[in-house]
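Chemist: Mind having a look at this structure? Questions to follow.
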Amino acid sequence: MSPTREQWGSRLGFILAAMGSAVGLGNIWRFSYVTGENGGAAFLLVYILCIALIGIPILMAEFTIGKKAQSDVVGSFQKLAPGKPWITAGILGVASAFIILSFYAVIAGWSVYYFVQYVIGGINTDPGDFFGGFITDPVQPILWQFIFMVLTVGVVYVGVKKGIEAANKILMPLLAVLVIVLAGYSFTLGGTQEALSFLFTPDWSALTNPDVYLAALGQAFFSLSLGMGALITYGSYLKKEDKLPGAAVSVAGLDTGFAILAGLMIFPAVFAFGINPADGPGLVFVVLPGIFESLGGMGQVFGILFFFLLAAAALSSAVSLLEVAVAYFMRQFNWSRKQTSLIIGAIIFLLGIPSSLGMGVWSDVTFFGKDILDSMDFIASNVFLPLGGLIIALFIGWGWKRVDALEASDFGESTWGTVWLGILRYFAPIAIFVIFLRSIGLF
Ligand code: PHE
Ligand code: NA
């Protein structure tokens with residue numbers, strides 16, 4: 001370990017940063033449209049099972065690896081298991097960081113644009129037309145994607161402690177309050193009955209569709225920032241005396257709470273406005289402006305606040321994505337943090353441009369019927385992240401000695417420790433494997 005490696009200012013700082021990574025566009029933008037596309041309640045149920053039975057144990061595994069190794073995602077595997085194939089998870093993780101951040105910045109750019117739009121007066125035309133006009137423009141969205149990437153690089157450039165720890169303390173509670181207030185208002189719009197049955201009364205026939213399981217698994221990994229070493233990297237800035245299991249459960253609980261609240265905010269309005277819940281990635285960018293419009297004069301204030309906080313939440317997630325790649329390249333090539341953030345940030349920005357163009361001028365470019373952004377998202381979230389998580393689970397479950405794993409995780413010899421290891425050894429790998437096989441139609 002290099003003597004200059006940073007550490008978190010406090011255990012609270014670490015938990016807040018991990019929460020900042022978890023809570024982002026995944027909870028509001030991605031959760032609502034994926035839930036909408038997959039039929040609502042049955043998907044939500046599988047999603048919550050994925051969080052509880054696969055997500056939290058692997059979250060713990062990542063924290064444990066990071067804290068023990070005190071290195072970046074690739075370095076951690078090199079250090080703990082030199083010359084072993086486990087390092088594949090590290091390489092997949094860095095690749096996922098590039099792919100996810102490339103399209104994440106596109107959507108985050110949309111949020112920044114909407115924020116600015118509300119500052120200068122709000123959206124006074126049909127929200128659907130407005131959104132469509134904006135995302136199909138070949139230049140505008142890329143400009144906002146660029147602005148968002150500059151912000152992300154700026155934070156990572158300044159460094160872990162100063163950059164990330166402070167802002168989360170104020171902005172996340174604010175976002176929570178705002179989402180609750182908006183959910184309350186959304187309930188008055190007239191679509192509540194339909195929304196509640198859509199979200200909480202499962203249509204069991206949806207469970208015969210294998211895509212629902214992969215979508216839920218991918219959403220669980222994406223939303224928890226899991227399977228690509230973001231949480232290994234954050235865990236690596238922990239001091240030895242910091243305790244892990246409580247942190248893992250709080251991060252997952254908060255993240256899931258945010259997602260469900262977002263659902264309660266979006267879906268009543270979706271049904272009240274007669275929008276199709278399966279409308280896809282534009283859902284929140286059309287529904288929320290609709291809500292704000294119906295608020296009359298106050299709408300602009302809510303629009304400003306909401307899109308500001310959404311962009312801020314996206315920023316703390318984007319920072320954790322960039323940090324995975326930067327921490328790796330810094331050590332690997334002995335570059336400075338500043339130099340690395342600029343170079344990697346520039347590459348990721350360029351990599352994201354096709355995702356943006358795929359909304360308009362390149363909309364003919366599709367893979368298996370998905371546009372460019374959707375394809376990037378599918379590969380990273382539904383394939384790389386669960387695969388990374390599978391390897392991480394096997395690594396601790398089978399590559400570590402039982403006593404070491406229990407000690408490093410702070411479980412010690414305890415029932416929970418035994419359950420945790422059992423899940424990492426058997427349940428999580430088998431479940432992920434089966435979901436993969438089902439989705440490629442093997443059974
Ligand atoms: N969890 C973040 C969100 O919900 C996205 C993310 C994925 C961040 C993977 C880091 C790693 O928005
Ligand atoms: Na999330």
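In case you wondered, yes, glycine gets a Cβ from its N, Cα and C as well.
Owing to the predicted nature of the structure, the values given are computational and were not obtained by experimental measurement.
Per TrEMBL, the features are:
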- 12-29: transmembrane segment (TRANSMEM)
- 41-65: transmembrane segment (TRANSMEM)
- 86-107: transmembrane segment (TRANSMEM)
- 142-160: transmembrane segment (TRANSMEM)
- 172-192: transmembrane segment (TRANSMEM)
- 212-234: transmembrane segment (TRANSMEM)
- 246-275: transmembrane segment (TRANSMEM)
- 304-330: transmembrane segment (TRANSMEM)
- 342-363: transmembrane segment (TRANSMEM)
- 378-398: transmembrane segment (TRANSMEM)
- 419-440: transmembrane segment (TRANSMEM)
Chemist: Which residues of the chain, 6 or more past the ends of the transmembrane segment (378-398), have a CB below 8 A from one of its CBs?
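Modeler: Residues 54, 57-58, 61-62, 64-65, 77, 81, 86, 88-89, 92-93, 95-96, 99-100, 214-215, 217-219, 221-222, 226-229, 370, 405, 421, 423-426, 428-429, 432-433, 435-436, 439.
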Chemist: Do the transmembrane segment (142-160) and the transmembrane segment (342-363) share at least 3 Cβ pairs closer than 8 Å, excluding pairs fewer than 6 residues apart in sequence?
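Modeler: Taking Cβ pairs at least 6 residues apart, the transmembrane segment (342-363) and the transmembrane segment (142-160) are in contact, with 3 or more under 8 Å.
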Chemist: For the transmembrane segment (304-330) and the transmembrane segment (419-440), check the count of CB pairs under 8 Å (sequence separation 6 or more) and say whether it reaches 3 or more.
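Modeler: No, since the transmembrane segment (304-330) and the transmembrane segment (419-440) share fewer than 3 Cβ pairs closer than 8 Å, they do not count as touching.
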Chemist: Can you tell me which of 41-65, 172-192, 246-275, 342-363, 419-440 gets the most C-beta pairs within less than 8 Å of the transmembrane segment (12-29)?
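Modeler: Of the candidates 41-65, 172-192, 246-275, 342-363, 419-440, 246-275 scores highest.
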Chemist: Any contact between the transmembrane segment (172-192) and the transmembrane segment (41-65)? By contact I mean 3+ C-beta pairs closer than 8 Å, pairs at least 6 apart along the chain.
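Modeler: Checked: the transmembrane segment (172-192) vs the transmembrane segment (41-65), no contact.
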Chemist: With pairs 6 or more apart in sequence, are the transmembrane segment (246-275) and the transmembrane segment (41-65) linked by at least 3 Cβ pairs under 8 Å?
Modeler: yes
Chemist: Is the transmembrane segment (41-65) packed against any residues at least 6 beyond its ends, judged by a Cβ distance under 8 Å, and which are they?
Modeler: 34-35, 76-77, 80, 197-204, 206-207, 212-213, 215-217, 219-221, 223-224, 226-227, 229-232, 234-235, 238, 244-245, 247-249, 251-252, 255-256, 260, 263, 389, 392-393, 395-396, 405, 408-409, 420, 423-424, 427-428, 431-432
Chemist: In terms of Cβ proximity under 8 Å, which residues at least six beyond the ends of the transmembrane segment (86-107) contact it?
Modeler: 24-25, 29, 72-78, 80, 141, 145, 148-149, 152, 222, 227-230, 232, 281, 314, 317-318, 321-322, 324-325, 328, 347-349, 351-352, 355-356, 373, 376-377, 379-381, 384-385, 387-388, 391-392, 395, 399
